[in-house]
Structures are given as structure tokens and as C-alpha cells.
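Summarising the annotation, Swiss-Prot assigns (6S)-5-formyl-5,6,7,8-tetrahydrofolate binding site to Arg23, Glu85, Arg124, Lys457. Sequence annotations record features per position, and here Swiss-Prot assigns GTP binding site to 230-235, 249-255, 274-277 based on sequence analysis. Residues or ranges marked as K(+) binding site in Swiss-Prot: Asn230, Thr249, Leu251, Thr254. According to Swiss-Prot, the feature Mg(2+) binding site maps to Ser234, Thr255. Swiss-Prot lists 220-376 with the feature domain 'TrmE-type G'.
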Amino acid sequence: MQHDDTIAAIATPLGQGGIGIIRISGPASLEVLRALFRPSSSRFGGFRPWTLHHGTITDGCDPLDDVLAVHMPGPRTFTGEDVSEIHCHGGSGVLAAVLEACVRHGARYAERGEFTRRAFLNGRMDLTQAEAVAEMIAAPSREGMRLAQAKLDGLLGQRVGALRARLDALRMQLCVAVDFPEEEVECLAPEAFLAEIEAVRQGVVELSAGYARTRCWQDGALVVLAGQVNAGKSSLMNALLGRRRAIVTDLPGTTRDFIEEPLNLSGLAIRLADTAGLRETGDIVEQEGVRMSRDLVAQADLVLLVTDATQGLQGPELELLRHAGPERVLVVFNKTDLLEGRILPSTPEGCRSVHVAAASGDGVESLVTAIRAAVLAATGAGEPEAGELAPNMRQAAALDKAATILDELAGDIRAHVPYDLCGVRLDGACAALMDVTGQSTPEAILDAIFASFCIGK
């Protein structure tokens, strides 16, 4: 991919809206803008940097839209390059026409994430900040936004950089010990060396643990409604959503395919999935639905095992509970309004449970509270703290690699392995930390990261 030409893309969501923005970045961005822009004021004397100008975008003699346009010279721009923006009306036809005109006058269509990639390549941000751009856009909750903002501010990259600097200092001392063995290097005494290695390793481990603690706040959690047919799973989904989303009938097996909807529980974003009832069936379509239900249960952060309170837990439900594990299951006794004075069914030891009547809404508020607490417990998450750093899966994997290498290095030091060989391990740990911030990340990995971005970002 070329990185020194001029690119253009629609930077706002597609569809109809009041405003749509075309972003142009690269050495010819001002020339492209000048070729298309016709000012509305006779006093227009050229584009003043960072100033919006009113006018018309024309393609030849054909006026396309009434716009505001701005030019921002590099390097103090998002990409570090010269950047121009055209603020149009937000119709998809208008935006497509203006973008095509930009391409005809010297720009090319931007690839996914190419603006942010250029910002990274031009040193405007490290890779943790670049990834945080996409994480901020996709943040499912205010807490997720705060976690992404901390990375956008560079806090994760700074913490990783500080740990790597400590390893660099150790590497320098190793080099001195190897090159000048007759010199006394006091700080390279095995005890002091091991203490510093362990301190850095502990810092790396603590950073990596932030992924597990915050994953559900960053990505949301998958909560699956499962159970036998006619247990009231679809009614419960509708009650939780506060609207009729799933079809509800008295016929067993009404739900065959799974339905997934987003739900925000006091800042915790979940993906709520209603699944086909678990039973043996000769219907091929329903069989596939049951198979998909079992797959979703295996993937779920939390399973809401919905059972008819008038029947209690039956064999298939107990089997699901055994396979999923009680730590990932919240038993929901539904239809409590039909008990008519009978004793509430018991819950197996070690299981959490809640009682509701989805048809009337009784107990749903308590269920919402229970779901939120159960998700946090099942994922090992807690309420995000001020200054919490939340690496994503890729970053956590690189941190784990660094921690493993440092652990191996400590073993080498205890075994009196020569310093030059220890230096190889130290280089590996430094390289793993550099992967977090993108200083040594292969091009193929960068391609994969930025391919997940939207076009125009």
C-alpha cells in the first residue's frame, strides 16, 4: 500500500443525515479542494488554515452541493499530513458524487483505517492509540469510552514505554559486563538483577491482567437465554428489552433460530441472545436451531437457564448446568405467577437463581440487577477504576509473551547462564513490549489491525 499519495473517503456514517464529511489527506489535498471549491464570497482570498469557508463544490460546470470547506496544513493534523475536509449535506448520493469528484481530481479512494494508519506511520500516535480510535468508535458504554480514552491519551503506551526503558537499562549493563568483564558492575549482582527483572515482570503481568478485568466493558458480554421449550425464554427477552422482539406462542419450538439484541445494564453492555428450546426433535430446521443453541451456550459469558417454576429443573436443564458450570449460569425460575401457593423450586447447591414472571413483569427488575452482578462475577471483571488501563486481546497477548520471557530470563540468571545469552532473552522481552506500541510490529499484523477499521477513519 502506498503511503505518500493523497487519499479521500467519506468520514461520517453512511445513510441520510444533516451533515456528511469528505476527508482528504496527503500532499495534494489542497489542490484537490481548490479544483472543486467555488467560494460564495467575492472577498475570498484563498484558504486560511483551520478556517471554514462557505461555497459550492462543482465538478466541471456541474454544481454538486452547497458546502463548508476547511484546509489544515500538516504536520499538526490527525494524519500528520496536509488535510482538507468538505462538509456537505448528509445524503448518500451527495457524498458519493463529491467523493468521486475528489478522486477524478487527484485523490484515490482510501483503504480501511488508512487515515489512522498514516497517523501511526507519521508518528502522531503509537499503535495502542491507533487501536483506541476504533475502540472508541465501537465502545458499547460510557465505561468503555473512558477506557478507550485513556489509551487515546497515550497512557497505556507510556506505561509500556517506561517498562521497556527499564529493560533497556538492564540490556546496556549486560553489554558492559560482556564487553568489559574485568570491570565491576555492582548493579549486575545476581540479586539486584533478579529483583529488577521481577519488578518489571510484575508490572507487565499487572498490565496484561487489565484485559480480563475490563473485557466486558470494552467488548460487551454475551448473555444467552437457554432452556427447554416453552420455558418462557422469548417472553423473558421481550421483558428485558422492554419491547416485543421475539415471537411468543403456546406452541413448543416457536423459536428456531437465535435472536440477538444489545442491552445496556447500568453502563454494562451485553448482547442478549434468545435461543431455540433444548429438546430431541425430528424437525431438521429445529435440530439446527438446537445445535446453534448449544454452540452459543459454549461461547456465552453468562447463561440464563430459564425453567418453568411449576416444573423445576429437569434432566436436560441439569445436564446444561453441568456442562456450562455453575459459575457461568444464572438459573431463572419463570412463571412464578402460576405456582398458586406452591413452594418455590429449589436451586442446586452453588448455583445462583432468581424468580420472575415474565408475562406480568414481576421480578424483572431484580433479574436485571442479578444479570449485571453475575456477568461481572463470571468474567472476573469489576467496576472500572479511575486511571484503569485496558489492553485489548492483541496487546495482552504481547504482554503475556514479554512476561513469559522475563520469567525464563530469571531462571537463566539463577542457573548462571552467561550474560551474552541472557541478553538474547532480554532482547526478546523488549521486542514483545515494542509489539504492543507498534515499534516492531510486522506489516502483515498492521494490515490485519487496520483492516478492522471503517473506511474514512
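A Cβ is built for glycine as well, from the same backbone N, Cα and C atoms used for every other residue.
Residues Arg23, Glu85, Arg124, Lys457, recorded as binding (6S)-5-formyl-5,6,7,8-tetrahydrofolate, reach a greatest CA to CA spacing of 19 Å.
In this structure the alpha carbons, written CA, of Arg124 ((6S)-5-formyl-5,6,7,8-tetrahydrofolate binding site) and Lys233 (GTP binding site) are 49 Å apart. Fewest Cβ neighbours within 10 Å among the binding-site residues Asn230, Ser234: this applies to Asn230. Take the binding-site residues Arg23, Lys233: by the count of other Cβ atoms within 10 Å of each Cβ, the lowest one is Arg23. Distance from the CA of Ser234 (Mg(2+) binding site) to the CA of Arg23 ((6S)-5-formyl-5,6,7,8-tetrahydrofolate binding site) is 44 Å. Residue environment of Glu85 ((6S)-5-formyl-5,6,7,8-tetrahydrofolate binding site) contains 20 other Cβ atoms, counted within 10 Å of its Cβ in all protein chains. Reported as a whole number, the C-alpha separation between Lys457 ((6S)-5-formyl-5,6,7,8-tetrahydrofolate binding site) and Lys233 (GTP binding site) equals 40 Å. Counting in whole angstrom, Glu85 ((6S)-5-formyl-5,6,7,8-tetrahydrofolate binding site) lies 56 from Asn230 (GTP binding site) by their C-alpha atoms.
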